């Protein structure tokens, strides 16, 4: 197959940041993607509908005039989140989901939830009104090994929550383990999972072998090869419970290349080329559209995009920038460590 035309894709987990960084990165997403769920872990975080409305306005202001893009806003769940504010945000069409960050799990998550019981009133309201909960599925207790955080979260937090509120719709974001894949597959309704581009490509060796490579460090951290293969199998299967959420997370290089570097990989520039490569490798190009364009909208109760994009296989490797320059500073672009031959040749 030398070309493929699919419905315009969506990104169901994206970090756009704010200010100069927002202005520097948004076009890399909006050029190709029609919609994206926008993460709320700013400083300060997006905790109220008023915060979300103001942030949405800043995103739209930064959008290039020729781009058609819809930011889907989320709220950062805290132990003090107002159920009424959440419901009003949902009813107004402003809020697509609420995001659960266990305190300390990732970038700017120190204000997240420490005691799930204190968040139950808003979770109960969300279950009642049908508003999805997006979860960063890791525990942060110091006695749990970082590579086991996801599996322990499923057993100690997610499964008890779903048993208590079976009607709550939960997206397990950036699944990184076979444990997560198996748990989603075994669930009966109201559970789905997003998978990132980079977790389909790298395992933990990318971070550690041959020296510390900070631009492959993310949270959840990449796992063993058997987990990567389980993610690939899920992504290319066509199973409607799995869809793309890039978790593309820009940080300026000085904050990555230091003694205590930030977690996050910036994949927005070359995600579709990387994914076409992965699906071609797996003999599943015909299921790429389901993963990037169909399964996510179906899960979130939205219609798939009518616009199309075309990817073409080039004879010579496609050259992407090694880094982009933003007003906040340089940001390194994800290097999949293999040549990319697929290129988006016709945008929507």
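Each residue, glycine too, has its Cβ placed from N, Cα and C.
Summary of the site annotation: Swiss-Prot records substrate binding at 15, 16, 17, 41, 136, 251, 263. Screening the candidates 72, 168, 219, 294 against this entry identifies 219 as the one listed for that site. For the Zn(2+) 2 site, Swiss-Prot records 99, 136, and the single candidate of 67, 174, 198, 199 listed with them is 174. Swiss-Prot lists 13, 15, 99 as binding Zn(2+) 1, and of 239, 247, 253 the one it places in that same site is 247. Comparing Cβ neighbour counts within 10 Å across the binding-site residues 16, 219, 263, the minimum falls on 263. In this structure, the CA atom of residue 41 (substrate binding site) is 8 Å away from the CA atom of residue 15 (Zn(2+) 1 binding site). Taking every pair among 15, 16, 17, 41, 136, 219, 251, 263, the residues recorded as binding substrate, the greatest CA to CA distance is 19 Å. Checking each of the binding-site residues (136, 219, 251, 263) against residue 13 (Zn(2+) 1 binding site), the C-alpha distance stays within 10 Å for none of them. When the recorded positions 15, 99, 174, 247 are screened for a C-alpha within 10 angstroms of the C-alpha of residue 136 (substrate binding site), the residues that qualify, in sequence order, are 99, 174.
Counted within 10 Å of its Cβ, the other Cβ atoms near residue 41 (substrate binding site) come to 23, all protein chains included.
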